[in-house]
Amino acid sequence: MGVFAKRSMAKTRRRRRDLDQIASDIASPRHLELYKETKDVEDLPGLGQHYCIPCAKWFDTETNLTSHKKGKPHRRQLKQLKDGAFTHKEANAASGLGVDNGPVKPKMDMEIDIA
């Protein structure tokens, strides 16, 4: 494994949950509990007691969590969650895969008078 592989492994370890997963955590407490059960409590900051659900982030102390909730990254995340995740239809349209037939042009009846 070269330097690049180490860097990508670290990025993978730091990866947080996506917006659709966080939205399902908020909608269903059971979904959040299933996620928390997959993590070892000893490996989490603050033994897994302080968790920000909208940001999917663990904190050491309650004061760090409350100061995080007052910050700009937390408010940005709340705004993104309020806007909602993209649907498959929107994603396909953004990538150019959607069906776009263009504006409908009226048929023109051409009558030719031959004199």
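A Cβ is built for glycine as well, from the same backbone N, Cα and C atoms used for every other residue.
Check TrEMBL against the ranges 20-43, 92-115 and you find region 'Disordered' recorded for 92-115. Residue counts for the region 'Disordered' (92-115) by DSSP state, with H, G and I taken as helix and E and B as strand, are 4 helix, 0 strand, 20 coil.
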